[in-house]
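A short worksheet on the structure shown next.
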Amino acid sequence: MAFSKLLEQAGGVGLFQTLQVLTFILPCLMIPSQMLLENFSAAIPGHRCWTHMLDNGSAVSTNMTPKALLTISIPPGPNQGPHQCRRFRQPQWQLLDPNATATSWSEADTEPCVDGWVYDRSVFTSTIVAKWDLVCSSQGLKPLSQSIFMSGILVGSFIWGLLSYRFGRKPMLSWCCLQLAVAGTSTIFAPTFVIYCGLRFVAAFGMAGIFLSSLTLMVEWTTTSRRAVTMTVVGCAFSAGQAALGGLAFALRDWRTLQLAASVPFFAISLISWWLPESARWLIIKGKPDQALQELRKVARINGHKEAKNLTIEVLMSSVKEEVASAKEPRSVLDLFCVPVLRWRSCAMLVVNFSLLISYYGLVFDLQSLGRDIFLLQALFGAVDFLGRATTALLLSFLGRRTIQAGSQAMAGLAILANMLVPQDLQTLRVVFAVLGKGCFGISLTCLTIYKAELFPTPVRMTADGILHTVGRLGAMMGPLILMSRQALPLLPPLLYGVISIASSLVVLFFLPETQGLPLPDTIQDLESQKSTAAQGNRQEAVTVESTSL
């Protein structure tokens with residue numbers, strides 16, 4: 001716990017922490033545009049088969065209306081509109097008869113869209129669906145693109161967690177911003193869908209490093225009393241980015257322009273990130289006290305605290321001798337499951353991360369199916385997410401981490417299950433429940449960011465965060481895939497999302513400790529001390545209750 005006292009000597013909360021938060025707000029505003037980009041860049045426009053009589057101008061009869069030509073060229077689809085995936089082999093002139101019925105033609109009279117499709121460009125001038133014809137028999141390639149993107153975050157979460165502990169938080173953050181910028185910009189030049197997916201994977205790989213490095217740097221430079229507020233502010237920036245995406249996509253209807261707008265800012269963010277100091281906690285753990293002292297003095301100078309000039313290497317080493325000793329002990333992924341005090345919380349957090357992201361991404365990637373203006377709906381989702389996260393700091397001050405985490409996940413699950421009972425024609429009420437669930441997920445994700453950092457000590461914090469992100473991204477990959485079962489079992493996806501969310505809230509209640517008001521643990525011994533203190537407190541409370549009753 002000694003580093004917490006050293007951080008207080010460097011000012012605790014001041015100008016540096018404010019500038020740091022403002023710096024991290026920039027990527028948090030832009031990351032949602034990358035993650036949720038395909039709600040718009042891969043939106044499915046209205047489409048039908050290309051036909052000679054309708055779309056070959058020289059073959060169109062001048063005495064027939066476009067509606068009549070459509071009637072004899074395209075069969076009706078399931079929703080009574082023009083079929084999106086089939087056309088008549090030959091013009092069905094008999095359908096012009098007002099008395100014609102569905103029996104006037106048969107399936108044998110139709111064929112697939114062998115000459116391609118005609119797309120409605122009234123909403124989007126261009127999408128990747130229209131560019132590579134990801135419709136009809138190829139419609140499964142659209143969710144594949146999102147799954148590949150999520151797999152990039154999955155792999156990156158594991159790799160960057162290990163690399164950040166080995167090489168430091170700061171260089172990984174700058175590199176990942178540059179990687180995302182280059183890969184994201186390059187996608188507009190992709191000649192094939194395969195190359196596009198590969199570049200999206202590389203961009204997502206870098207995004208995972210931005211998540212891990214930025215959040216860890218922020219947590220490790222923030223005092224215990226301000227940690228919840230700081231993380232909530234950053235979470236609100238993420239929500240604002242979601243809302244802004246709706247406006248950005250409304251203004252930029254071409255997928256290439258939208259992709260550039262979401263990628264180019266990361267070039268600037270990569271340069272800006274170099275002013276940030278390296279984590280002094282990490283430098284201490286890695287046996288680099290001289291550099292740690294320099295960073296602490298730098299922060300103190302920015303905060304205007306002259307007392308830190310008296311901080312010497314001897315005082316630093318004396319204060320953090322437990323951390324230095326801990327750094328000499330070999331740590332690996334196995335420590336999360338072999339060390340008794342870490343085992344239960346590691347397993348429980350794996351379950352919580354996995355289940356939370358299954359339900360969350362199943363909801364946010366299903367935007368177009370709500371049947372409303374997706375630009376407005378995206379902005380609405382971001383706004384309610386902002387409100388949910390903004391209230392998190394206040395809620396955490398009174399109710400604690402465990403209560404908020406469990407309660408918000410349970411409420412989100414109940415909102416999803418309630419939506420199952422609402423008829424399809426009551427779209428407004430369905431949107432209300434969806435927005436309520438999104439807001440609860442916003443609270444849950446903000447709380448989880450703080451909670452998991454407080455559950456693990458410094459030597460394994462990045463490794464744990466990397467593993468949790470990896471498992472969470474497995475859930476994120478599963479969320480959209482579950483939606484594919486809707487064609488056979490329409491109620492299965494929301495049922496799974498709701499039940500999984502409620503079940504994970506019970507895991508939080510029964511298997512995770514409360515960390516409210518506790519200093520950030522620097523060693524495994526700190527966790528043991530917290531556990532012993534909590535046990536003594538429980539025994540004392542039991543004695544007090546018994547004495548009162550007597």
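Placed from the backbone N, Cα and C atoms, the Cβ positions cover glycine too.
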Look up the topology recorded in Swiss-Prot and say whether THR428 and GLU514 end up on a common side of the membrane.
no
From the candidates ASN39, ASN310, the one which Swiss-Prot records as N-linked glycosylation site
ASN39
In Swiss-Prot, the N-linked glycosylation site annotation, restricted to ASN63, ASN99, falls on ASN99
From ASN56, ASN353, the annotation N-linked glycosylation site in Swiss-Prot is attached to ASN56
So, taking each listed stretch (175-195, 232-252, 431-451, 491-511) in turn and counting its Cβ pairs to the transmembrane segment (347-367) that are under 8 angstroms, which one gives the highest count?
491-511
What is the interatomic distance between the Cα atoms of ASN39 (N-linked glycosylation site) and ASN56 (N-linked glycosylation site), given in whole Å?
32
Do any residues of this chain, six or more beyond the ends of the transmembrane segment (403-423), have a C-beta under 8 angstroms from a C-beta of it, and if so which?
352, 355-356, 359, 363, 388, 392, 395-396, 429-430, 433-434, 436-437, 440-441, 443-444, 447-448, 451, 491, 494-495, 497-502, 504-506, 508-509, 512, 514
Relative to the Cβ of ASN56 (N-linked glycosylation site), which residues of the same chain, six or more apart in sequence, are found under 8 Å away?
none
Compare 11-31, 175-195, 379-399 by their Cβ pairs under 8 Å to the transmembrane segment (232-252) and return the stretch that comes out on top.
379-399
How would DSSP class ASN56 (N-linked glycosylation site) in three states?
coil
When you scan the chain for residues with a C-beta under 8 Å from the topological domain 'Extracellular' (196-200), skipping those not six or more beyond its ends, what do you find?
128, 132, 144-145, 148-149, 152, 183-184, 186-187, 190
Hey, which of 143-163, 257-277, 379-399, 431-451 has the most Cβ-Cβ pairs under 8 Å against the transmembrane segment (11-31)?
257-277
